[in-house]
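Here the structure is laid out as C-alpha coordinates; the discussion comes afterwards.
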Amino acid sequence: MISPRNMLLATLLAMPVTSYAADIQSTLDHAADAVESDVIRWRRDFHQHPELGNREHRTAGIVANHLKSLGIEVTTGIAHTGVVGILKGAKPGPVVALRADMDALPVKEMTGLPFASTAVAEYGGKQVPVMHACGHDAHTAMLMGAASVLAAQRSELSGTVMFIFQPAEESPPPGEEGGAELMLEQGLFDTVKPDAVFGLHVGAGTSGTVTYRSGPAHAASDTFHITLKGRQSHGSMPWFGVDPVTLSGQVVLGLQTIASRRVNLMESPAVISVGTIRGGVRHNIIPSEVTLEGTIRSFYDHQRAAIHADVKQVVEHHAEAVGATADIDIQKGYPALINDRALIARMLPTIKQVVGETGANEGPMVFGSDDFSYFANETPGLFLWLGTTPPGEDPMKSEHNHSPYFDIDEPALSNGVKLLSHLAFVFLAERN
Ligand SMILES: [Zn+2]
Ligand SMILES: [Zn+2]
(Lines of atoms letter the chains of each structure in order from A and count residues from 1; the text may use other names and numbers.)
(Lines give C-alpha, C1' and ligand atoms only; values in the text may rest on other atoms or scores of the structure.)
(Ligands and ions follow the chains in the order given, each with its own letter.)
Protein backbone atom coordinates (compact mmCIF):
# COMPACT_ATOMS: atom_id res chain seq x y z
CA MET A 1 0.00 0.00 0.00
CA ILE A 2 1.26 3.46 -0.84
CA SER A 3 1.10 5.81 2.11
CA PRO A 4 0.06 9.44 1.59
CA ARG A 5 3.59 10.45 2.47
CA ASN A 6 5.09 8.16 -0.16
CA MET A 7 2.61 9.41 -2.74
CA LEU A 8 3.63 12.96 -1.94
CA LEU A 9 7.26 11.96 -2.18
CA ALA A 10 6.76 10.24 -5.54
CA THR A 11 4.88 13.25 -6.90
CA LEU A 12 7.48 15.72 -5.73
CA LEU A 13 10.40 13.67 -6.98
CA ALA A 14 8.82 13.23 -10.41
CA MET A 15 8.06 16.90 -10.96
CA PRO A 16 10.02 17.97 -14.02
CA VAL A 17 12.31 20.95 -13.99
CA THR A 18 11.97 23.45 -16.79
CA SER A 19 14.56 26.02 -15.87
CA TYR A 20 16.82 26.71 -12.95
CA ALA A 21 15.14 29.89 -11.91
CA ALA A 22 12.21 29.55 -9.57
CA ASP A 23 10.88 26.21 -10.76
CA ILE A 24 13.97 24.15 -10.23
CA GLN A 25 14.79 25.75 -6.93
CA SER A 26 11.47 24.87 -5.44
CA THR A 27 11.35 21.43 -7.08
CA LEU A 28 14.76 20.47 -5.74
CA ASP A 29 13.93 21.95 -2.34
CA HIS A 30 10.63 20.12 -2.08
CA ALA A 31 12.24 16.88 -3.14
CA ALA A 32 14.96 17.37 -0.52
CA ASP A 33 12.30 18.10 2.12
CA ALA A 34 10.50 14.93 1.09
CA VAL A 35 13.57 12.75 1.73
CA GLU A 36 14.54 14.53 4.96
CA SER A 37 13.11 11.85 7.26
CA ASP A 38 14.86 9.14 5.21
CA VAL A 39 18.16 11.01 5.49
CA ILE A 40 17.81 11.27 9.25
CA ARG A 41 16.87 7.60 9.50
CA TRP A 42 19.90 6.58 7.39
CA ARG A 43 22.17 8.81 9.44
CA ARG A 44 21.01 7.27 12.70
CA ASP A 45 21.40 3.76 11.30
CA PHE A 46 24.97 4.48 10.13
CA HIS A 47 25.66 6.18 13.45
CA GLN A 48 24.57 3.11 15.37
CA HIS A 49 26.61 0.81 13.10
CA PRO A 50 29.88 2.65 12.47
CA GLU A 51 32.72 0.97 10.57
CA LEU A 52 36.41 1.82 10.50
CA GLY A 53 38.26 2.78 7.30
CA ASN A 54 38.51 0.00 4.68
CA ARG A 55 35.89 -1.93 6.68
CA GLU A 56 32.76 -0.06 5.57
CA HIS A 57 31.13 -3.24 4.22
CA ARG A 58 27.67 -2.78 5.74
CA THR A 59 27.56 0.93 4.95
CA ALA A 60 28.70 0.36 1.36
CA GLY A 61 26.07 -2.34 0.90
CA ILE A 62 23.27 -0.01 2.00
CA VAL A 63 24.59 2.77 -0.24
CA ALA A 64 24.91 0.47 -3.27
CA ASN A 65 21.39 -0.92 -2.81
CA HIS A 66 19.95 2.57 -2.53
CA LEU A 67 21.69 3.80 -5.69
CA LYS A 68 20.59 0.68 -7.59
CA SER A 69 17.00 1.21 -6.44
CA LEU A 70 17.17 4.64 -8.10
CA GLY A 71 18.37 3.16 -11.40
CA ILE A 72 21.87 4.55 -10.96
CA GLU A 73 24.76 2.59 -12.48
CA VAL A 74 26.81 1.30 -9.53
CA THR A 75 30.39 0.08 -9.14
CA THR A 76 31.47 -1.37 -5.80
CA GLY A 77 34.76 -2.45 -4.26
CA ILE A 78 36.79 0.57 -5.38
CA ALA A 79 39.65 1.11 -2.91
CA HIS A 80 38.31 -1.83 -0.88
CA THR A 81 34.79 -0.67 0.02
CA GLY A 82 34.20 2.42 -2.12
CA VAL A 83 30.94 2.79 -4.05
CA VAL A 84 30.58 4.93 -7.15
CA GLY A 85 27.29 5.74 -8.86
CA ILE A 86 26.89 7.18 -12.33
CA LEU A 87 23.65 9.00 -13.10
CA LYS A 88 23.36 9.93 -16.75
CA GLY A 89 20.98 12.78 -17.45
CA ALA A 90 18.70 12.77 -20.47
CA LYS A 91 20.50 15.75 -22.00
CA PRO A 92 24.15 15.99 -23.00
CA GLY A 93 26.52 17.95 -20.82
CA PRO A 94 29.52 17.86 -18.51
CA VAL A 95 30.24 15.62 -15.55
CA VAL A 96 29.98 16.68 -11.92
CA ALA A 97 31.09 14.59 -8.95
CA LEU A 98 29.65 14.67 -5.42
CA ARG A 99 31.69 13.04 -2.69
CA ALA A 100 30.89 11.68 0.78
CA ASP A 101 33.18 9.74 3.11
CA MET A 102 31.85 6.72 4.98
CA ASP A 103 34.37 5.76 7.68
CA ALA A 104 34.21 6.09 11.46
CA LEU A 105 36.89 6.46 14.14
CA PRO A 106 38.32 4.41 17.01
CA VAL A 107 36.53 6.57 19.61
CA LYS A 108 34.30 5.47 22.50
CA GLU A 109 30.98 7.26 22.11
CA MET A 110 29.81 9.22 25.16
CA THR A 111 26.88 11.16 23.69
CA GLY A 112 24.14 9.13 25.37
CA LEU A 113 22.04 9.33 22.19
CA PRO A 114 19.37 6.63 21.84
CA PHE A 115 21.18 5.47 18.69
CA ALA A 116 24.68 5.80 20.18
CA SER A 117 27.25 3.30 19.00
CA THR A 118 28.34 0.35 21.10
CA ALA A 119 30.36 -1.11 18.24
CA VAL A 120 33.85 -2.49 18.69
CA ALA A 121 36.32 -3.51 16.00
CA GLU A 122 39.91 -4.62 15.60
CA TYR A 123 42.37 -1.80 14.97
CA GLY A 124 46.15 -2.09 15.08
CA GLY A 125 45.89 -5.53 16.71
CA LYS A 126 43.57 -4.33 19.48
CA GLN A 127 39.82 -4.29 20.04
CA VAL A 128 38.66 -0.67 20.03
CA PRO A 129 35.31 1.10 20.36
CA VAL A 130 34.09 2.69 17.13
CA MET A 131 32.13 5.91 16.67
CA HIS A 132 31.08 8.24 13.88
CA ALA A 133 32.85 11.06 15.72
CA CYS A 134 33.55 13.07 12.55
CA GLY A 135 30.04 13.09 11.10
CA HIS A 136 30.74 10.90 8.07
CA ASP A 137 27.44 9.12 8.87
CA ALA A 138 25.73 12.41 8.02
CA HIS A 139 27.82 12.87 4.84
CA THR A 140 26.83 9.43 3.56
CA ALA A 141 23.16 9.95 4.40
CA MET A 142 23.05 13.41 2.78
CA LEU A 143 24.61 12.16 -0.44
CA MET A 144 22.11 9.27 -0.55
CA GLY A 145 19.38 11.90 -0.21
CA ALA A 146 20.89 13.98 -3.01
CA ALA A 147 20.97 10.84 -5.19
CA SER A 148 17.21 10.46 -4.62
CA VAL A 149 16.59 14.09 -5.53
CA LEU A 150 18.78 14.12 -8.64
CA ALA A 151 17.75 10.69 -9.96
CA ALA A 152 14.16 11.92 -10.02
CA GLN A 153 15.29 14.80 -12.25
CA ARG A 154 17.13 12.61 -14.75
CA SER A 155 15.01 13.86 -17.65
CA GLU A 156 16.08 17.43 -16.91
CA LEU A 157 19.73 16.80 -16.11
CA SER A 158 22.22 18.10 -18.68
CA GLY A 159 25.14 15.74 -18.22
CA THR A 160 26.30 13.18 -15.70
CA VAL A 161 26.45 13.08 -11.92
CA MET A 162 29.10 10.87 -10.33
CA PHE A 163 28.35 9.91 -6.72
CA ILE A 164 31.55 9.04 -4.83
CA PHE A 165 31.11 7.19 -1.53
CA GLN A 166 34.65 7.04 -0.25
CA PRO A 167 36.24 4.73 2.33
CA ALA A 168 38.95 5.55 4.84
CA GLU A 169 39.08 9.35 4.79
CA GLU A 170 40.49 9.28 8.33
CA SER A 171 43.44 7.40 6.75
CA PRO A 172 43.43 3.63 6.40
CA PRO A 173 44.42 1.29 9.23
CA PRO A 174 48.18 0.94 9.81
CA GLY A 175 49.92 -0.89 6.98
CA GLU A 176 47.04 -0.50 4.52
CA GLU A 177 46.33 1.78 1.60
CA GLY A 178 43.02 3.48 1.10
CA GLY A 179 40.92 6.59 0.73
CA ALA A 180 40.68 9.10 -2.09
CA GLU A 181 44.25 8.51 -3.25
CA LEU A 182 43.67 4.78 -3.73
CA MET A 183 40.34 5.39 -5.51
CA LEU A 184 42.19 7.57 -8.02
CA GLU A 185 45.03 5.07 -8.34
CA GLN A 186 42.44 2.44 -9.17
CA GLY A 187 41.16 4.58 -12.03
CA LEU A 188 38.20 6.44 -10.54
CA PHE A 189 38.57 9.36 -12.97
CA ASP A 190 40.08 7.39 -15.88
CA THR A 191 36.94 6.67 -17.89
CA VAL A 192 34.63 9.39 -16.59
CA LYS A 193 36.53 12.54 -15.61
CA PRO A 194 34.43 15.06 -13.68
CA ASP A 195 34.60 18.72 -14.67
CA ALA A 196 34.13 19.64 -11.01
CA VAL A 197 33.86 17.91 -7.65
CA PHE A 198 31.86 19.05 -4.62
CA GLY A 199 31.96 17.87 -1.00
CA LEU A 200 30.57 18.85 2.38
CA HIS A 201 31.82 18.44 5.94
CA VAL A 202 29.63 18.86 9.00
CA GLY A 203 30.96 20.55 12.12
CA ALA A 204 31.00 23.61 14.32
CA GLY A 205 28.85 26.42 12.97
CA THR A 206 25.35 27.78 13.24
CA SER A 207 23.03 24.98 12.21
CA GLY A 208 22.33 24.93 8.49
CA THR A 209 24.78 27.65 7.53
CA VAL A 210 27.73 27.27 5.15
CA THR A 211 31.32 28.31 5.58
CA TYR A 212 33.51 28.37 2.49
CA ARG A 213 37.08 29.30 1.77
CA SER A 214 38.44 30.35 -1.58
CA GLY A 215 41.89 28.97 -2.41
CA PRO A 216 43.84 27.09 0.30
CA ALA A 217 41.27 25.77 2.78
CA HIS A 218 42.62 22.69 4.57
CA ALA A 219 46.31 22.16 5.35
CA ALA A 220 48.68 19.54 4.05
CA SER A 221 49.42 17.11 6.86
CA ASP A 222 52.83 15.46 7.13
CA THR A 223 54.31 13.29 9.86
CA PHE A 224 57.88 13.25 11.13
CA HIS A 225 59.76 10.59 13.06
CA ILE A 226 63.08 11.59 14.60
CA THR A 227 65.58 9.33 16.33
CA LEU A 228 68.26 11.11 18.35
CA LYS A 229 71.24 8.88 18.94
CA GLY A 230 73.69 9.57 21.77
CA ARG A 231 75.73 7.32 24.03
CA GLN A 232 74.29 5.64 27.11
CA SER A 233 75.80 6.49 30.48
CA HIS A 234 75.11 6.57 34.22
CA GLY A 235 72.81 9.41 35.23
CA SER A 236 75.34 10.54 37.83
CA MET A 237 78.14 10.81 35.25
CA PRO A 238 76.67 12.34 32.09
CA TRP A 239 80.14 13.45 30.89
CA PHE A 240 80.87 9.84 29.96
CA GLY A 241 77.93 9.75 27.53
CA VAL A 242 76.07 11.82 24.97
CA ASP A 243 72.66 12.73 26.35
CA PRO A 244 69.76 12.49 23.85
CA VAL A 245 67.23 13.54 26.55
CA THR A 246 68.53 17.10 26.94
CA LEU A 247 69.05 17.16 23.19
CA SER A 248 65.38 16.29 22.67
CA GLY A 249 64.39 19.39 24.66
CA GLN A 250 66.58 21.56 22.44
CA VAL A 251 65.16 19.92 19.35
CA VAL A 252 61.55 20.58 20.44
CA LEU A 253 62.33 24.27 20.96
CA GLY A 254 64.36 24.43 17.75
CA LEU A 255 61.44 23.00 15.78
CA GLN A 256 59.16 25.70 17.21
CA THR A 257 61.42 28.39 15.79
CA ILE A 258 60.72 27.12 12.27
CA ALA A 259 57.05 28.10 12.39
CA SER A 260 57.65 31.24 14.47
CA ARG A 261 60.91 32.56 12.94
CA ARG A 262 61.41 31.09 9.47
CA VAL A 263 57.98 30.67 7.86
CA ASN A 264 56.77 33.82 6.15
CA LEU A 265 53.64 34.36 8.23
CA MET A 266 52.56 37.22 5.98
CA GLU A 267 52.08 34.66 3.25
CA SER A 268 50.59 31.78 5.19
CA PRO A 269 50.62 30.27 8.66
CA ALA A 270 52.12 26.86 9.44
CA VAL A 271 52.18 24.57 12.45
CA ILE A 272 54.79 22.13 13.70
CA SER A 273 53.85 20.09 16.76
CA VAL A 274 55.71 17.35 18.59
CA GLY A 275 53.24 14.75 19.80
CA THR A 276 55.43 12.08 21.36
CA ILE A 277 58.83 11.90 23.05
CA ARG A 278 60.03 8.46 24.06
CA GLY A 279 63.28 7.48 25.69
CA GLY A 280 64.83 5.80 28.66
CA VAL A 281 63.90 2.99 31.02
CA ARG A 282 65.16 4.11 34.41
CA HIS A 283 65.70 7.28 36.42
CA ASN A 284 69.49 6.96 36.67
CA ILE A 285 70.35 5.76 33.18
CA ILE A 286 70.84 8.25 30.39
CA PRO A 287 69.54 6.33 27.37
CA SER A 288 71.28 5.95 24.06
CA GLU A 289 68.24 7.04 22.03
CA VAL A 290 65.20 9.28 22.19
CA THR A 291 62.52 9.29 19.53
CA LEU A 292 60.13 12.11 18.69
CA GLU A 293 57.08 12.14 16.46
CA GLY A 294 55.04 15.04 15.29
CA THR A 295 53.00 16.73 12.60
CA ILE A 296 53.68 19.48 10.10
CA ARG A 297 50.77 21.49 8.68
CA SER A 298 51.18 23.85 5.74
CA PHE A 299 49.18 25.26 2.83
CA TYR A 300 51.55 25.81 -0.10
CA ASP A 301 53.88 23.34 -1.80
CA HIS A 302 56.91 25.63 -1.65
CA GLN A 303 56.27 26.30 2.04
CA ARG A 304 55.86 22.59 2.68
CA ALA A 305 59.18 21.76 0.98
CA ALA A 306 60.98 24.56 2.85
CA ILE A 307 59.67 23.37 6.22
CA HIS A 308 60.78 19.81 5.51
CA ALA A 309 64.27 21.05 4.71
CA ASP A 310 64.28 23.28 7.80
CA VAL A 311 63.24 20.40 10.07
CA LYS A 312 66.14 18.32 8.80
CA GLN A 313 68.59 21.18 9.21
CA VAL A 314 67.45 22.13 12.72
CA VAL A 315 67.47 18.56 14.01
CA GLU A 316 70.76 17.52 12.41
CA HIS A 317 72.61 20.62 13.58
CA HIS A 318 71.28 20.50 17.12
CA ALA A 319 72.43 16.87 17.27
CA GLU A 320 75.81 17.71 15.81
CA ALA A 321 76.27 20.51 18.34
CA VAL A 322 76.27 18.00 21.22
CA GLY A 323 78.07 15.16 19.47
CA ALA A 324 74.95 13.13 18.73
CA THR A 325 73.44 12.02 15.44
CA ALA A 326 69.87 12.07 14.18
CA ASP A 327 67.72 10.10 11.77
CA ILE A 328 64.84 12.08 10.36
CA ASP A 329 62.00 10.56 8.39
CA ILE A 330 59.22 12.81 7.06
CA GLN A 331 56.19 11.06 5.61
CA LYS A 332 53.97 13.10 3.35
CA GLY A 333 50.29 12.84 4.23
CA TYR A 334 47.31 14.47 2.55
CA PRO A 335 48.10 17.45 0.34
CA ALA A 336 46.56 20.84 1.07
CA LEU A 337 42.96 21.19 -0.03
CA ILE A 338 42.71 24.06 -2.49
CA ASN A 339 39.23 25.23 -3.35
CA ASP A 340 38.99 26.47 -6.92
CA ARG A 341 38.47 30.22 -6.81
CA ALA A 342 36.60 30.43 -10.12
CA LEU A 343 34.33 27.54 -9.14
CA ILE A 344 33.46 29.22 -5.83
CA ALA A 345 32.73 32.51 -7.55
CA ARG A 346 30.49 30.68 -10.00
CA MET A 347 28.63 28.60 -7.41
CA LEU A 348 28.31 31.14 -4.58
CA PRO A 349 24.96 32.47 -5.83
CA THR A 350 23.62 28.90 -5.79
CA ILE A 351 24.91 28.33 -2.26
CA LYS A 352 23.24 31.57 -1.13
CA GLN A 353 20.01 30.57 -2.79
CA VAL A 354 19.94 27.50 -0.55
CA VAL A 355 21.08 28.96 2.76
CA GLY A 356 20.23 32.62 2.33
CA GLU A 357 22.42 35.68 1.81
CA THR A 358 23.61 35.70 5.42
CA GLY A 359 23.84 31.93 5.69
CA ALA A 360 27.06 31.60 3.67
CA ASN A 361 30.26 33.18 4.94
CA GLU A 362 33.91 32.93 4.09
CA GLY A 363 35.90 31.36 6.92
CA PRO A 364 39.58 31.08 7.84
CA MET A 365 41.99 28.44 6.62
CA VAL A 366 41.76 25.26 8.68
CA PHE A 367 44.79 23.29 9.85
CA GLY A 368 42.89 20.02 9.84
CA SER A 369 43.28 18.00 6.65
CA ASP A 370 40.84 16.11 4.44
CA ASP A 371 41.74 13.84 1.57
CA PHE A 372 39.12 15.47 -0.64
CA SER A 373 42.27 17.35 -1.65
CA TYR A 374 43.29 14.45 -3.92
CA PHE A 375 40.08 14.87 -5.92
CA ALA A 376 40.48 18.66 -5.96
CA ASN A 377 44.00 18.24 -7.33
CA GLU A 378 42.57 16.35 -10.32
CA THR A 379 39.67 18.63 -11.20
CA PRO A 380 38.33 21.95 -9.86
CA GLY A 381 37.00 21.24 -6.37
CA LEU A 382 34.80 22.96 -3.83
CA PHE A 383 34.61 21.70 -0.25
CA LEU A 384 32.14 23.39 2.08
CA TRP A 385 31.56 23.24 5.80
CA LEU A 386 27.98 22.78 6.87
CA GLY A 387 27.27 24.12 10.36
CA THR A 388 25.60 21.52 12.58
CA THR A 389 25.89 23.02 16.05
CA PRO A 390 22.54 22.64 17.81
CA PRO A 391 20.64 25.92 18.35
CA GLY A 392 21.43 27.57 21.65
CA GLU A 393 24.99 26.25 21.76
CA ASP A 394 28.06 28.33 21.06
CA PRO A 395 29.77 26.75 18.01
CA MET A 396 33.17 27.64 19.43
CA LYS A 397 32.44 25.84 22.70
CA SER A 398 30.45 22.89 21.39
CA GLU A 399 32.02 19.46 21.08
CA HIS A 400 34.13 19.39 17.94
CA ASN A 401 34.75 16.61 15.42
CA HIS A 402 36.54 13.56 16.89
CA SER A 403 35.22 14.28 20.40
CA PRO A 404 33.41 11.33 22.06
CA TYR A 405 30.56 13.80 22.65
CA PHE A 406 30.38 15.02 19.03
CA ASP A 407 26.83 15.32 17.78
CA ILE A 408 25.04 17.15 15.00
CA ASP A 409 21.81 19.08 14.70
CA GLU A 410 19.86 16.85 12.34
CA PRO A 411 17.61 19.56 10.83
CA ALA A 412 20.77 20.95 9.19
CA LEU A 413 21.06 17.83 7.03
CA SER A 414 18.22 19.02 4.82
CA ASN A 415 20.34 22.01 3.78
CA GLY A 416 23.16 19.60 3.00
CA VAL A 417 20.95 17.59 0.66
CA LYS A 418 19.75 20.80 -0.98
CA LEU A 419 23.28 22.13 -1.40
CA LEU A 420 24.55 18.95 -3.05
CA SER A 421 21.50 18.73 -5.32
CA HIS A 422 21.52 22.40 -6.34
CA LEU A 423 25.27 22.53 -6.88
CA ALA A 424 25.21 19.47 -9.15
CA PHE A 425 22.11 20.53 -11.06
CA VAL A 426 23.20 24.12 -11.59
CA PHE A 427 26.77 23.20 -12.50
CA LEU A 428 25.45 20.92 -15.24
CA ALA A 429 22.75 23.33 -16.39
CA GLU A 430 25.09 26.30 -16.66
CA ARG A 431 27.68 24.61 -18.82
CA ASN A 432 29.44 26.75 -21.34
ZN1 LIG B 1 37.77 13.47 10.97
ZN1 LIG C 1 35.83 14.08 8.62
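Just so you know, glycine gets a Cβ as well, placed from its N, Cα and C.
Marked as signal peptide by TrEMBL: 1-21.
What TrEMBL lists as Mn(2+) binding site is Cys134, His136, Glu170, His201, His402. DSSP assigns His201 (Mn(2+) binding site) to a strand in the three-state reduction.
What TrEMBL records for 221-320 is domain 'Peptidase M20 dimerisation'.
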CB neighbours within 10 A of Glu170 (Mn(2+) binding site), counting all protein chains shown, number 21
Close in space but at least six residues away in sequence, with Cβ under 8 Å from that of His136 (Mn(2+) binding site), the same-chain residues are Ala100, Asp101, Met102, Asp103, Ala104, Glu169
